[in-house]
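To start, the structure under review is shown below, and the notes come after it.
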Amino acid sequence: MIDTIFALGEGLLAAPWWSAIGWPVVWALIKVTLVLMIVMGAVTYTTLWERRLLAWAQIRMGPNRVGPWGLLQPIADAMKLMTKEVLRPAAAEKFLFYLGPVMTVMPAMAAWAVIPFGPDIALANINAGLLFLMAITSMEVYGVIISGWSSNSKYPFLGALRASSQMVSYEIAMGFCLVVVLMVSASLNLTDIVAGQNKGYFAQIGLNFLSWNWLPLLPIFLIYFISGLAETNRLPFDVIEGESEIVAGHMVEYSGMSWAMFQMAEYANIWLVSVLTTIMFLGGWLSPIDSVMFNWIPGWIWLGLKSFCVVTMFIWVRVSFPRFRYDQIMRLGWKIFIPVSLIWLVVVGGWMQTPWNIWK
């Protein structure tokens, strides 16, 4: 279908420059716009889904007044934020103060350039996609640090210090987890990583979900998911913006769309971590069972459903667990997750050299 649309667009004009330069550029812009619209729509309505789940957990209704069943509540919230004044403290560094939110949201959006939504559906299906993701997602912490420092205020600065140490700590554990997946997949290409989970004994008998990486790499899967909570500053790791300690951390002095950009980055990163979890450990767009009924469903729907379940797990953890102390978070990252992920890196490496290697 995508190839058909591309061919139709290429044939709109007979001029050589159109097929050589014009249409490829227009086609790339269309794909980028479509992906950004999907991501922004998911981010917008994840806020509503989170508020409804929190309400159900607390035995109340949640947003249900704006539109049918409250479905227009996110749009009303967006309109409210767009019309609010963006305030700036008098002592703040003006340029850096406004640069911080931009540097926070841009990596969260740029990372989607290499995310495959199907076997042949990606903005850029590059061989070093995993390496690109590890690099681009590490840049978000700079926006948080700049925002906290440029506000010239006590609470934002403390939040920025916490953010820098927490993100660096858990990025190491996440990096080791991704290295393990890289070892068993023998590729940095995200499409190849998904394809590598569709082989083995269980895949041959139709139980695809048992051939995915989550089962043989279960400790790595759990470490990656929990580290993802810490990377996205979600409960129980939200000491960066702990309301009872430093009000809202690095976002204290922000309002209007500046504050909204931080929220956009947070929820975009939640979806990014969820999609990556699905691609690395849950078979990506592969159906869980090899049957006509399941194979009839398009792969991008399977990817979306699995990612939505992981996002729901993020919200479930928020509503179920209390916030950790800062020293407990650092201890968990440095004394448990990093050593365990390193040990499993060695274990999997040794496993792959034995006759019982299941990733051949």
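Placed from the backbone N, Cα and C atoms, the Cβ positions cover glycine too.
Feature list (source: Swiss-Prot):
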- 20-40: transmembrane segment (TRANSMEM)
- 95-115: transmembrane segment (TRANSMEM)
- 126-146: transmembrane segment (TRANSMEM)
- 168-188: transmembrane segment (TRANSMEM)
- 209-229: transmembrane segment (TRANSMEM)
- 269-289: transmembrane segment (TRANSMEM)
- 297-317: transmembrane segment (TRANSMEM)
- 332-352: transmembrane segment (TRANSMEM)
Note to self: Let me spell it out: take the transmembrane segment (95-115), skip the flanking residues so only those 6+ beyond its ends count, and list any with a Cβ under 8 Å from a Cβ in it.
What the structure shows: 32, 35-36, 39, 88-89, 122-126, 129, 132-133, 136-137, 139-140, 142-144, 146-151, 190, 250, 253-254, 258-259, 261-262, 264-265, 268-269, 272, 275-276, 279
Check: Which bits of the chain, at least 6 residues beyond where the transmembrane segment (209-229) starts or stops, bring a Cβ under 8 A of a Cβ in it?
Finding: 170-171, 173-174, 177-178, 180-181, 184, 197-203, 235-237, 273-274, 277, 280-283, 286, 288-289, 310, 313-314, 317, 333, 337, 340-341, 344, 348, 358
Next item on the list: Determine which recorded stretch among 168-188, 269-289, 332-352 has the most C-beta pairs below 8 angstroms with the transmembrane segment (297-317).
Entry: 269-289
